[in-house]
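Q: Quick paste from TrEMBL:
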DOMAIN    A:10-84  domain 'Sm'
Amino acid sequence: MSRISHNGQLFFSFFKSLVGKEIIVELKSDLCIKGTLHSVDQYLNIKLKDISVVDSEKFPHMISVQNCFIRGSVVRYVQLPSAEVDIQLLQDSARVEARELKKK
Amino acid sequence: MATLMEPFIDILTNDGRNIVGTLRGFDQLVNIILEESHERVYSSDGVERLHLGLCIIRGDNVAVVGLLDLDLDKRIDFSTLKGEPLKPVVH
């Protein structure tokens, strides 16, 4: 991740830079799904590959599912691999975007 | 052969239901049409299947859409499978 474009879609670009990495998505229903990020769209809908539910003993609902689509509106948290995230760059980009939005 | 190609889909809804069926259509809002669908009701007593048939699920109410692996699914013994019901989505 060298540069993030900021055209009002900073986090969309940010998630695109994480494609192929393993993430854990926590839903607003407390369900945690671990998988490889396959793609993300403008609504921050997420597609995951090779998924597993973190507490699959308790929630066996998705045991025969390997690839899934998660609606952006039900995502509470996304746990990221810290080695893949340049926090300084992300913070700077967020500031720049906030400044640009203020100008408009 | 055509029936083999049809995507078998597993949907988790915002109210915590688990609906399985054949995907017949969808749109940008993730409204979904399912054919030959059934609901799987998980509880500590086991899994119960409720026949639903043809249904449309409004996109607002869809949390997760999973591509069901039919081979894997056939190997699961639902008579002994136990699980807790999913919590509803709280925005």
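Note: Cβ is positioned from N, Cα and C throughout, glycine not excepted.
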Q: Would you mind splitting the domain 'Sm' (A:10-84) into helix, strand and coil residue counts from DSSP?
A: 16 helix, 34 strand, 25 coil
Q: Find the average pLDDT over the domain 'Sm' (A:10-84) in the predicted model and report it.
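A: Taking every residue of the domain 'Sm' (A:10-84) together, the mean pLDDT is 96.
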